Amino acid sequence: MSAIVDIVGREILDSRGNPTVECDVLLESGVMGRAAVPSGASTGSREAIELRDGDKSRYLGKGVLKAVGYINNEISEAVLGLDASEQAFLDRTLIELDGTENKSRLGANAMLAVSMAVARAAAEEAGLPLYRYFGGMAAVQMPVPMMNVINGGEHANNNLDLQELMIIPLGAPSFREALRYGAEVFHALKKILHDKGISTAVGDEGGFAPNVPGGHEAAIQMILEAIDKAGYVAGEQIALGLDCAASEFYKDGKYELSGEGLSLSAQEWTDMLATWVDKYPIISIEDGMAEGDWDGWKILTDRLGKNVQIVGDDLFVTNTKILKEGIDKGIANSILIKINQIGTLTETFAAIEMAKRAGYTAVISHRSGETEDSTIADIAVGTNAGQIKTGSLSRSDRMAKYNQLLRIEEDLGEVASYPGRSAFYNLR
C-alpha cells in the first residue's frame, strides 16, 4: 500500500501571470508527486468551476487561496491514509466530498491538483514513467501535434475572430520529426510576417498574433506559404486545423465575424467553412459552432463530418453526460479533452474511453493559461489518444509538453509508433 501521509497546496503563477494551484502529495515511502493545474480564457459555460477568491485587492480577484485552503484542510483530512494507487477511489472521494454537480464548492482546480499529484506519486512509487502508469504496456502510440501558429480571438488582440490557426504534421515518420516540421514552418512564418512588416509578437499559446490585412483567408495563405518555404507539401505532409471558438463571436443567433464585417446564420457560416475546406487542406475544425447552437452543430457535422474532424470543446467540456448526448444526436465526431474542464483524472479517462467506443477521436489539450506541468503529454501517450494540442513552437510552458513527448518517444524506442493520418480514424 502506498499510503498518502501529507498533502500541501500552494498558490503559484501560470503563463499569464495569474494565480493557479499546485499540489504536493507525499507517500509513506517518502516518494512525492507534484502537479499544477492550467486555466482557460475562452471557457465553456458547463465546465467544472475553477474556484477564485474574488478579492479585488489581490491579483485582481483571481487569487486561489480558497482552493489552496481546501487542499490543506478539508481535502487533506479526507484523503490522508488512502492508497495512492487507487486513483478511481481517490477521485470518487474528492467528488463526494465536494458534493456538487460542477465542483463549485471545493473547486475543480483544487480537486484536479490533488488528483494529478496523487497519480504522479503513485507512478513514482511503482517505478514507472507516468505514461506507462496510465496505460501499461499498450501505451506506445505518440500523438500527432496540432500546433497553433497564428492566434486570434480571446488569445490575441488582433483582427482575427478565429482563435487558432494550426498546422498538423501528419506526414511525419515520427513525433520527433513532426516537431521539427512544425518548428521549421514556425520560423518560416516568422520571416514571412517580418518581411511583410507584420508583427511577430506571440499570443497566449505561443503562436503569432498579428493583425492580418485580408483577414482569415490571408492568414491561411501565409501559413501555406510558410509550409512551402520550409520545404514541405501542404495537405500531404502538413495539414491545417482551425479552432473557431465560435461561442465567443455568437450574438443573438448570428455568427458575428467583426474582423470580416460579416453577420452569418449557422447555415451561412457552415457554407463559409465548407468553402475554406474545399480551397485549403483543412482536416480539423474545433468549436465551429457556439456551444448552445446544437442545430448549427448538426448542420456543420452533416455537411463536413465525413471529411473533416469536427471537434467539440466548449460543446462537450470533457463531460461524459454531454458527450453521450452529442453521440446520440450525431453531433461532431471528436472531443477535445481538457483535464481542468472536469476536475479529476478518472473522469478524464472516462471521457476518452467513451469517445473511442463511439468512433470519435479524443484530442488531448492544454489551456491558454499553462504551467511547466507536462501531465497532458503522458495522458496523450498513456491513453493512445493519437492527437495532442499544446500550442505553438515557442514559450516554455508549451515546449514543456513537447519536450516531455520527445523523452517519452526516446524511452519507448523502437516500439514507439506515430499514427500520422490514421490518427483521424473518424474520417471516411
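Placement of Cβ uses the backbone N, Cα and C atoms for every residue, glycine included.
Binding of Mg(2+) is attributed by Swiss-Prot to D243, D313, and the same site annotation extends, among E217, E286, E347, to E286. Per Swiss-Prot, (2R)-2-phosphoglycerate is bound by K338, R367, S368, K389; the candidate from Q141, Q163, Q221 named for the same site is Q163. Within the same chain, residues at least 6 positions away in sequence whose Cβ sits under 8 Å from that of D243 (Mg(2+) binding site) are N148, L162, Q163, E164, M166, E286, D287, V311, D313. With E205 (active site, proton donor) as the anchor, the candidate recorded positions are K338, R367, S368, and the one with the nearest CA is S368.
Mapped onto three states, the DSSP output places E205 (active site, proton donor) in coil. Around K338 (active site, proton acceptor), the same-chain residues six or more apart in sequence whose CB sits under 8 Å from its CB are P38, G40, D313, V317, T318, S365, H366, R367, listed in sequence order.
Listed in sequence order, P145, M146, N148, M166, L336, V363, I364, S365, H366 are the same-chain residues six or more apart from K389 ((2R)-2-phosphoglycerate binding site) with CB atoms under 8 A from its CB. The binding-site residues under consideration are Q163, S368. Their Cβ neighbour counts within 10 Å are lowest for S368.
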